[in-house]
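**Student:** Mind having a look at this structure? Questions to follow.
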Amino acid sequence: MTGSVAVIGSVNQDVVCEVPRLPGPGETVLATGARTNAGGKGANQAVAAAKAGGRVEFVGRVGGDSAAVDLRDSMAAAGVKTTGLREVTGARTGRAYVTVASGENQIVVDPGANFAWESGAELSAMAEAELLAAADIVVAQLEIPVAVVDWAAGVARRFVLNAAPAAELGDELLRRCDPLVVNEYELATISGAPTGTRAQAGQAARSLCLRGAPSVVVTLGADGSILARRTADAVELTYQPAPQVVSVDSTGAGDAYVGALCTALADGVELGEAVAFATAAASLSVRSPGTHDSYPTREQVVAARTAVPRARRLDFDE
Ligand code: RIB
């Protein structure tokens, strides 16, 4: 691999509880197990991209606590460069409370230092600007302030946005996203359209292309993903099925997908094939618990790619 990826985003310590089923509103359930592990959508994507073979730089903010040391070590162990990960005086490192049941999860994030950034003008004068400008791909998520995401999009040569957690996006930011990566809930928030079926998700993704996004990838978990691409006079929609696997823990599977996608794009792979590569990575990541430890190596992704079904044109009766 020769391409480089710069990830700008969140770093969290995940406090994970395993429960027999996810609690409803007002309900208390007893955990059958608990652990802490490294997390944060930004850090997860950086590790997934590095394990998939990318040269990866991470730009983020942590507090001056022991969690920050563990998280930096976890990224470095995967080969991620962390010179752009700065400690914010007086802040605490981000923390996420993750509940896992039967392969599904619920997450609440306490952002801490992930929301303690300099202004865009200050960032432009810092080493972070050079790191991002030098990368083939810059990827961000929405666990950091949107103003920082806007700044990163302006500096990037090619910008990928994983709009998670969901938030409304301005047209200028949308025009920079190639691709915008969202799940069906995030797509519904951003597009304002229903996304309950594949056809609806395809139409909603198309509407974002018509609003200006060059491309949109919609991740549908075990049901695969949809790719919408603007061409000269239309929007092309394809459906990428996923291989059927038994999911033990889907926490961070979307991050495995985004990280691998960015590594493939940084290496000059065409977007449709990058989606298939990312699908292989995500299908491997759900087979074991946790985030960083569950992400596959490049060799594993390449081997699993052969089991990824062929993509086809999205049929609107689906
Ligand atoms: O996408 C999974 C991640 O979301 C977790 O690691 C948690 O930290 C939250 O950021």
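Backbone N, Cα and C atoms are what each Cβ position is placed from, and that goes for glycine too.
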**Student:** Have a look through Asn114, Asn183 and flag the one TrEMBL assigns to the ATP site that Thr219, Leu220, Gly221, Ala222, Asp223, Gly224, Gly254, Asp255 belong to.
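**Tutor:** For ATP, TrEMBL names Thr219, Leu220, Gly221, Ala222, Asp223, Gly224, Gly254, Asp255; of Asn114, Asn183, the listed one is Asn183.
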**Student:** Anything from the binding-site residues Ala43, Gly224, Asp249, Ser285, Ser288, Gly290 with its Cβ under 6 A from ligand 1? List those in sequence order.
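**Tutor:** Cβ < 6 Å from ligand 1: none of the binding-site residues.
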**Student:** For a quick check of understanding: among the binding-site residues Asn183, Thr251, Ser285, Ser288, which residue's Cβ has the most other Cβ atoms within 10 Å?
**Tutor:** Ser285
**Student:** Once the chains shown are all counted, how many other Cβ atoms turn up within 10 Å of the Cβ of Asp249 (K(+) binding site)?
**Tutor:** 23
**Student:** What is the Cβ neighbour count of Gly224 (ATP binding site) at a 10 Å cut-off, with all protein chains included?
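**Tutor:** The answer is 22.
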**Student:** Tell me the coarse DSSP state (helix, strand, coil) of Thr251 (K(+) binding site).
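**Tutor:** The residue in question, Thr251 (K(+) binding site), is coil (DSSP, three-state).
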**Student:** Can you count the other CB atoms that lie within 10 A of the CB of Leu220 (ATP binding site)?
**Tutor:** 18
**Student:** Quick check for the class: what is the C-alpha distance, in angstrom and rounded, between Lys41 (substrate binding site) and Asp255 (active site, proton acceptor)?
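**Tutor:** So the alpha carbons of Lys41 (substrate binding site) and Asp255 (active site, proton acceptor) sit roughly 6 Å from each other.
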